[in-house]
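What Swiss-Prot lists as active site, proton donor/acceptor is 113, and the listing cites similarity to another entry. Residues annotated as (E)-cinnamate binding site in Swiss-Prot, with similarity to another entry given as evidence: 265, 353, 359, 389, 461, 489, 492. As annotated by Swiss-Prot, 2,3-didehydroalanine (Ser) applies to 208.
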């Protein structure tokens with residue numbers, strides 16, 4: 001019994017003065033530790049998570065497991081090189097001490113819950129056959145339903161099962177559960193060999209832990225005939241094959257007293273899935289900040305909304321960081337510089353302030369980031385906790401009967417995370433709706449149509465409908481799970497966390513937000529290319545109008561200077577101010593605003609020409625027909641020529657996005673993923689392109705370009721000058 005394990009200053013198996021050694025006198029309630037975990041920026045934390053996710057080894061000792069490491073083990077199938085789990089050898093002694101204590105207490109006739117007693121509401125029953133009791137525990141908990149096959153809709157995703165196995169090992173390593181170290185080694189070998197038990201998707205209330213699903217891991221370890229597992233390539237394996245492939249040479253385990261309870265009485269399935277969900281949620285939170293900044297770029301937004309003073313006066317750290325990240329993306333942006341010139345040229349062309357979806361995006365996203373970050377820390381505390389019952393306190397020679405199996409931190413953090421994800425999605429939908437609406441988008445075409453004939457090209461209209469569907473489902477999922485608790489197990493489990501159910505619903509929300517983010521990113525790239533097309537076509541229109549004005553307005557019939565020559569400057573101002581896509585499909589149509597406003601300039605000058613209008617040689621009215629006829633003869637050809645040059649990849653004016661910090665995401669979508677500008681003239685549908693980007697979200701390809709956008713950010717807002 002001299003063996004020991006250090007846990008938060010408490011050496012299990014070694015007598016001590018608990019009052020002096022087991023409590024941190026400076027932080028007895030752990031609030032300081034919780035606050036300290038939030039030090040630094042959220043972005044730095046996300047970068048750290050990504051680094052941890054990519055490490056080849058996860059070393060378990062019971063106290064340092066992270067959300068990113070759980071996600072890494074869970075997603076091993078998506079990696080070219082599998083990450084491996086190693087157990088800290090220093091944990092062996094403490095694990096053995098608690099296991100030995102159980103066997104010794106059994107030998108002494110000590111009455112212990114789950115060792116000599118029945119379970120839950122039937123704990124009044126007694127038995128001396130501890131091994132048989134554990135065997136029966138696993139049998140009666142195997143109450144899940146799978147349907148047909150190992151990949152049916154009623155089977156927990158194998159990634160979530162791997163996460164649960166890892167988290168359960170981490171808990172048991174702390175040496176308070178009364179289980180042999182050899183069983184933990186066997187589970188580790190199963191993980192490292194990619195042998196995954198099949199667990200039921202439903203059937204747990206995550207209090208007394210995740211009893212039903214965890215019993216199927218125990219069933220595999222004990223060789224139950226109904227247990228199922230799949231191998232590295234998804235193949236079904238029988239009981240003997242599982243252990244042989246994993247290199248477990250000891251054969252199936254005969255559970256000792258308490259070991260069955262140690263395997264099933266914990267929150268690992270809920271907290272494992274929550275870890276996976278939160279890894280992706282943190283990435284999506286940063287993505288929403290960057291996408292909001294790109295939205296500001298393509299909408300000719302005013303960057304004033306990111307000014308540090310505004311957010312400093314509001315005090316919320318999530319808001320301050322969100323604004324600072326957007327400010328960093330927009331600082332020096334070529335789009336912002338161009339928009340500033342536009343606003344200076346015609347300050348009344350758009351509202352003084354941008355709409356809420358842009359202007360208040362830091363205020364909207366900030367609280368969601370704080371919620372997701374707090375939930376991440378709560379789950380990290382949970383996956384490093386001892387969360388079963390009873391707890392074996394070797395140092396005080398007693399079993400403690402409590403309720404650490406209550407997974408309330410999981411249910412609450414997942415409900416909160418899901419609400420935050422729904423709020424992010426709502427903002428994304430609001431921004432998307434502005435982007436595709438030509439009443440709001442500052443000159444982009446309706447539906448972001450890029451074809452020559454808008455009557456035969458409806459752009460992203462279908463995608464907008466899909467976004468409404470995604471957003472509606474996401475808002476529905478924002479409803480809490482934890483207020484639907486039912487009293488269970490003869491009213492013994494009369495309050496329960498529903499942690500896994502909430503985690504599952506949050507995983508659904510993550511998938512939907514990835515669909516929304518993919519659709520939105522494709523739309524933003526469409527808008528970027530439309531701004532590029534707009535700039536090139538407008539340049540062609542300006543040059544053509546200038547040339548036609550010089551040719552038809554500058555000289556009179558006898559070679560003398562004509563008063564109409566003074567119209568050129570205002571004609572070019574019309575071109576500059578008029579949204580190109582209001583006339584680009586037929587630039588000389590008399591029903592479109594370009595020709596109407598060009599004519600109005602000439603008419604206004606003619607009205608001011610006074611007596612000179614009576615002279616045919618100096619009349620501006622007489623020049624209107626010649627100007628319009630010449631423009632109709634050359635402008636459509638010049639516009640089409642400019643469009644063809646852009647489509648060929650050799651535009652007169654390069655794409656501004658290459659000069660922006662947001663370029664890495666555009667590069668990913670257009671070059672690495674291989675999408676292109678969507679038009680009705682092509683066969684490819686929006687869904688095909690969005691699918692490519694969605695795949696990049698799902699396989700993690702999106703992460704590096706996202707972080708590259710922010711690689712030069714120093715973690716602080718631009719100082720107030």
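Cβ from N, Cα, C; glycine included.
When the alpha carbons of residue 265 ((E)-cinnamate binding site) and the residue listed as 'active site, proton donor/acceptor' are compared, the span between them is 12 angstrom. The least crowded of the recorded positions 208, 265, 353, judged by other CB atoms within 10 A of its own CB, is 353.
Within 10 Å of the C-beta atom of residue 461 ((E)-cinnamate binding site) sit 15 other C-beta atoms, taking all shown protein chains into account. By neighbour count, meaning other C-beta atoms within 10 Å, the densest spot among the binding-site residues 489, 492 is 489. Largest Cα-to-Cα span within the (E)-cinnamate-binding set 265, 353, 359, 389, 461, 489, 492: 58 Å. For the residue listed as 'active site, proton donor/acceptor', applying a Cβ distance below 8 Å and a minimum sequence separation of six or more within one chain yields 123, 389, 390, 399, 401.
The DSSP secondary structure for residue 492 ((E)-cinnamate binding site) is coil.
The Cβ of residue 359 ((E)-cinnamate binding site) lies under 8 Å from the Cβ of 305, 353, each of which sits 6+ residues away along the same chain. Classification of residue 461 ((E)-cinnamate binding site) by DSSP places it within a helix. For the recorded site, residue 353 ((E)-cinnamate binding site), the DSSP three-state label reads coil. Annotation note: residue 389 ((E)-cinnamate binding site) sits in a coil segment as assigned by DSSP. When Cβ atoms from all protein chains are considered, those within 10 Å of residue 389 ((E)-cinnamate binding site) total 22, not counting its own. Separating the Cα atoms of residue 492 ((E)-cinnamate binding site) and the residue listed as '2,3-didehydroalanine (Ser)' is a whole-number distance of 10 Å. Residue 461 ((E)-cinnamate binding site) sits 49 Å from residue 208 (2,3-didehydroalanine (Ser)), taking the C-alpha atoms as the reference points. For the pair residue 208 (2,3-didehydroalanine (Ser)) and residue 489 ((E)-cinnamate binding site), the Cα-Cα distance reads 10 Å.
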